[in-house]
Structure formats: structure tokens, C-alpha cells
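Trainee: Annotated ATP binding site per TrEMBL: Asp11, Val12, Gly13, Asn14, Thr15, Leu16, Ile17, Lys18, Thr124, in sequence order. What TrEMBL lists as substrate binding site is Tyr92, Gly99, Val100, Asp101, Arg102, Thr175. Among the features that TrEMBL reports, active site, proton acceptor is placed at Asp101. Residues or ranges marked as K(+) binding site by TrEMBL: Asp121.
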Amino acid sequence: MVTETSVLLVDVGNTLIKYALLSNVHEEPKASDSLENLFSFVDVQKNITHLYIASVRNQDMVDEISTMCAARNITFVEKQTEKEAFGIKNSYANVQKMGVDRWLAMICAAEKTKKAFFVMDVGTAITVDFVVNGQHLGGWIVPGFNVMRDALVASTKKVFANDEIPTSFGVGTDTEECVATGCHAAVYGVYLSAVDYISSKQTEFDIILGGGDKKVFAFLESAVNIRPAHLVVQGLARYARKELGDFLA
Ligand SMILES: Nc1ncnc2c1ncn2[C@@H]1O[C@H](COP(=O)(O)OP(=O)(O)O)[C@@H](O)[C@H]1O
Ligand SMILES: CC(C)(COP(=O)(O)O)[C@@H](O)C(=O)NCCC(=O)O
Ligand SMILES: [K+]
């Protein structure tokens, strides 16, 4: 029997694999850097019938997951970026080039607001996509906090960093702090530029924010109406509900 607890939604990002049962999409997804953890969860659950997946990694990983599903008699469904769905029109001429995580982030965001919006996914990369009246205007792909920091350290001799990711806006008084606050300011700059861009198109808009590093915007929480979301798993959930709707018990 197919139920909301038998459908597993899996988001394979460049750093982490995130997964959630369809019944739990509003909770924090589990995160892992290995397939072993994902499939030990599957094996503990025992009742998984469907695995919906969105991947931005290479095909080998997806093939491996597909094989592991086949061995357990689990229906494997891989989602791809589309030209149009759920009232959203993609602006890419070649939609196959767009990471499916960005597409699903838009699908998720469109369920959360009827206004114009931009959706910002703060992970390995930071992606921003703008949607007005259901039309995707385009987007940005920016190095994420860790990629930016590591590239800076790798390209210089006397710049060092620590592992801290600031959650408030400020300046540093030693090298490590200057790197952390500088990369934080750069990420904040992406957000401010996104507000600037969408404001030039539409006065009323919402901001949907997700990704493992969305905490860099914690300092904005009370100031503006930013809606947090588990973008990719919630986008997958819309597809799973649409496709399995008649079968869901
Ligand atoms: N256990 C973890 N391992 C690695 N990164 C983690 C972990 N927990 C949180 N993070 C943070 O989450 C970020 C990855 O965010 P995520 O949205 O999952 O990225 P992606 O979708 O690109 O894999 C990392 O940059 C890191 O700062
Ligand atoms: C931009 C991305 C790397 C973001 O991935 P993530 O940071 O979530 O791992 C991913 O969406 C991707 O590989 N995109 C392909 C290029 C494009 O979207 O145009
Ligand atoms: K991302």
C-alpha cells in the first residue's frame, strides 16, 4: 500500500544528501554525506514503496541509488527540470542545463506565495531564481560561503580561515574574522541585489529561503518577511502528491 509514510523524497546536493518522508516534509530533512546512511534509514523503515529523487551530482550516484532501490523492490522516480509545471514557465531555452534543485525550489516557492517571488537556496552554491506572474525571469549561480572562503584561502599566501559561519552582520579584527565576515557580507550582498532586481520588476513580492546555510540570514528574520522552506524535498513532495495522488491511502 502507498501511503505518505512509504514515499521517500531525496535531494542529492553537491555537499549533502537530504531526505524526508512525504509525511514529514515540513520538518527538517535528515542530512548525510553517504548513501549508506540513506539506505540504512530505508531498511529501518521497511515499508518504503517509492523513492523520489532530485540530483545535481553525476549519473553514477543516481544509478547506484536506482540499483539499490531495484534490489528492494522500491519504485525509483528521478525528477528532471521541465519547461513548464505547476503554473511556472522556465526561461531556459535548454531546460536540461538547469539544476533540478533550482526548478524544484521554484515549484516549492510557488506553493508558498501567490505573489511575485525570488527563491534563494544557500548551499554549496547560492542560487537565486526570480518568478513574476508564473514566468521565470532568470537567476544567478554564486559560489556559496564555504566555496568562496576556500577559494580565497587557496588563492592567497597569508590569508587563513576558521570553520565559523557568522549569523550576524559585522566586521572582523583579525584575519580569520575578516574572511568570515567578508564572505558573509558577500552572501548578504547577493540577497540585497536580489531585492533590488525584483523591486525593479514588481513592487509586491515574497522571498523564499532555503539551503543548509540559510542561517547566514538569521539576523534578518525579524526585519523582513522571509519564508524559510525545505525547498527541494518540498518541491519533490508536490510532484509525488500529483503523480501518486490517486494511489495514496
Ligand atoms: N553535516 C554537515 N556536513 C557538511 N555540511 C553541513 C553539515 N551540516 C550543515 N552543513 C552546512 O550545509 C551546507 C550545505 O548545504 P546544502 O543546502 O545541503 O548544500 P547542497 O545542496 O549543495 O549539498 C554546507 O555548506 C555546510 O555549511
Ligand atoms: C547551481 C548548482 C550547482 C547548485 O547546486 P547545490 O549548491 O545545491 O549543490 C546546481 O543547480 C547545478 O549544478 N546547476 C546546473 C547549472 C544550472 O543550473 O544552470
Ligand atoms: K544550492
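Cβ from N, Cα, C; glycine included.
All TrEMBL annotations are machine predictions without curation.
Remember, it's a predicted structure, so these values are computed and weren't measured experimentally.
Any idea what these are sitting next to in the structure?
Mentor: In the three-state DSSP classification, Thr15 (ATP binding site) falls within coil. Neighbours of Thr15 (ATP binding site), defined as other CB atoms within 10 A of its CB across all chains, total 15.
Of all the Cβ atoms in the protein chains shown, 19 others lie within 10 Å of the Cβ of Gly99 (substrate binding site).
All protein chains included, Asp101 (substrate binding site) registers 24 other Cβ atoms within 10 Å of its own Cβ.
The Cβ of Asp121 (K(+) binding site) lies under 8 Å from the Cβ of Asp101, Arg102, Ala105, Thr127, Val128, Gly210, Gly211, Leu231, Val232, each of which sits 6+ residues away along the same chain.
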Trainee: Take the Cβ of Gly13 (ATP binding site) and count every other Cβ within 10 Å, whichever protein chain it belongs to.
Mentor: 21
Trainee: What does DSSP call Asp121 (K(+) binding site) in the simple three-state scheme?
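Mentor: DSSP call for Asp121 (K(+) binding site): strand.
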Trainee: I'd like the number of other C-beta atoms within 10 A of the C-beta of Arg102 (substrate binding site), please.
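Mentor: That number is 25.
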Trainee: For the binding-site residues listed here, Asp11, Ile17, Tyr92, Val100, Thr175, which shows the highest count of neighbouring CB atoms within 10 A?
Mentor: Asp11
Trainee: Starting from the Cβ centroid of Asp11, Val12, Gly13, Asn14, Thr15, Leu16, Ile17, Lys18, Thr124, the recorded ATP site, name every other residue in that chain with its Cβ within 8 Å, sequence order please.
Mentor: Ala31, Val56, Arg57, Gly123, Gly212
